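S.K.: The structure follows.
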Amino acid sequence: MKKTTLLVILDGWGYSDSDYFNAIKNANTPTWDSIWQEFPKTLINASSLEVGLPRSQMGNSEVGHVNIGCGRVVYQELTKIDKAIEEKTFGDNKAICAAIDNVIKNDSNLHLIGLLSPGGVHSHEEHIFEMIKIAKQKGIKRLYLHAFLDGRDTPPRSAEKSIKKADKLLQDLNLGYIASVCGRYYAMDRDNRWDRVEKAYNAIVNANADFIYDSALEALEQSYARDQSDEFVIPTCIKKDGHLVKVQDNDSVIFMNFRADRAREISHAFTDESFDHFPRKKHLNINFTTLTEYDSKLKCAVAFPPEQPINTLGEVLMKNHKTQLRIAETEKYPHVTFFFNGGREEQFEGEDRILIPSPKVATYDLQPEMSAPEVTDKLVAAINSGKYDCIVCNYANSDMVGHTGNYEAAMQAIEYLDKCIARLKDAILEHDGNMFITADHGNADMMVNPETQKPHTAHTTNLVPFIYVGHKKAQVALEHGKLSDIAPTLLNVMGIAQPKEMTGKTIFNFEK
């Protein structure tokens, strides 16, 4: 029987002393409260420069899992792209130049698609604005922006400012206009809800939508009148001088999101020759370019390809002949696998994976427990089996229910997780294992913005907990730790040497 070391990542579980609409603090959590009092604990950083993001930028699930799994600060795509813009090399990028050259050669159209948002989680609107300026400088005559609206990593009704900025820039440059708008709920699905993606695709490619208006602002106003906030804006086309924009052969499409997980599905709809998730009129002959690599299987150009880190936690465990398990429900499965392994799709030798389907509900406040019962059943069985040296799991609830802005549902989610943690604690202690509990970023710790008194659906920049549960004596060895210090801590408790590529430090010292 192996003594399992378990890492539990509570997605969106930040720490705050404030009890103002703090679903984590105000929920009834007897297990969490007793663990917090009884076992060694500290708070660590999960945002900003400490995870390779710009200063004051909130963390997110992708960034969090990359930093945890790699055991070092990994500079994120947002930071890399910002640097390229600052150093004025963005416009020299080979993939971007090729997309623009294709348009000029064929006298065709350039389409920019992506999340028009200052959120900085999946995209940043400043990248879109810079791309528009570069297109003008390089001689593009017709540029059309297909704007996905946020309302999740930003306040629910905050898109007006971004739309006005984009409209003004396009008008000032006499370059084109916003040709369609669409809530990210449709264009950025990641759970195989292809009916949503189909609506977004048809609006962008075929100018086929339920609603057509004369401007993006009018589309937004009418959406609010239907009580649809930014995230849920039904795909809408914009008609200018009687003209609707379609994507045609020989056009170039540049996808301006830098985060992969919610950009994959619609990218496959654009690029796969044998695509069969919904009917398309035809397979387009276009130049399709993505800002970063969304999926190695996509047939497209990539402006900023990934740099593969070596000696991640998964790789070190493999080299030491350890068995490992990754488990999560659909919403967070890529995070404990692809992102945790530093952007590697393939499993390591000795690495098993369990995917639990997320419930098919419109929004997760309708089912706050999500698939946590099934995840916990599988986890307890895996611990009891004695098969695994290391298990990494993710509970999605505090993040996904937190994003709905429903405070009562978020508290229900937290209370359910507390029961799950109780089962894990009992199993780990019974088998003399080690359990670490942490989070990748905050969310449910602030469900209402205290300044605006409106629902807060974005992540927070609060510190996150890091707790050791086990029979070993542990002392906090590192003040002001961060997510990249977690992997070295796991290696420490497992008695495995830390590779030089891991620059993180152990958070706890354990008595031998």
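Every residue gets a Cβ built from N, Cα and C, even glycine.
Pulled the feature table from Swiss-Prot, pasting it below:
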BINDING   D11, S61, D440, H441  Mn(2+) 2 binding site
ACT_SITE  S61  active site, phosphoserine intermediate
BINDING   H122, R152, D153, R184, R190, R259, A260, D261, R262, K332  substrate binding site
BINDING   D399, H403, H459  Mn(2+) 1 binding site
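Quick one: how deep are these features, and who are their neighbours?
M.R.: Look at D11 (Mn(2+) 2 binding site): DSSP puts it in coil.
Look at S61 (Mn(2+) 2 binding site): DSSP puts it in a helix.
Its Cβ taken as reference, R262 (substrate binding site) is surrounded by 22 other Cβ atoms within 10 Å in the chains shown. Taken residue by residue with DSSP, R262 (substrate binding site) is part of neither helix nor strand, so it is coil.
Look at H403 (Mn(2+) 1 binding site): DSSP puts it in a helix.
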S.K.: Please report the distance from the Cα of R262 (substrate binding site) to the Cα of H403 (Mn(2+) 1 binding site), rounded to the nearest angstrom.
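M.R.: H403 (Mn(2+) 1 binding site) has its Cα 15 Å from the Cα of R262 (substrate binding site).
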S.K.: In whole Å, how far is H441 (Mn(2+) 2 binding site) from D399 (Mn(2+) 1 binding site) when you measure between their Cα atoms?
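M.R.: A Cα-Cα distance of 9 Å.
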S.K.: R190, H459: which of these binding-site residues has the sparsest Cβ neighbourhood within 10 Å?
M.R.: R190
S.K.: Near D153 (substrate binding site) in space, meaning Cα within 10 angstroms, which of the binding-site residues do we find among D11, S61, D440, H441?
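M.R.: Checking Cα-Cα distances against D153 (substrate binding site), none of the binding-site residues falls within 10 Å.
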S.K.: I need the nearest neighbour of H459 (Mn(2+) 1 binding site) among the binding-site residues D11, R190, H441, using C-alpha distances.
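M.R.: Closest recorded candidate to H459 (Mn(2+) 1 binding site) by Cα: H441.
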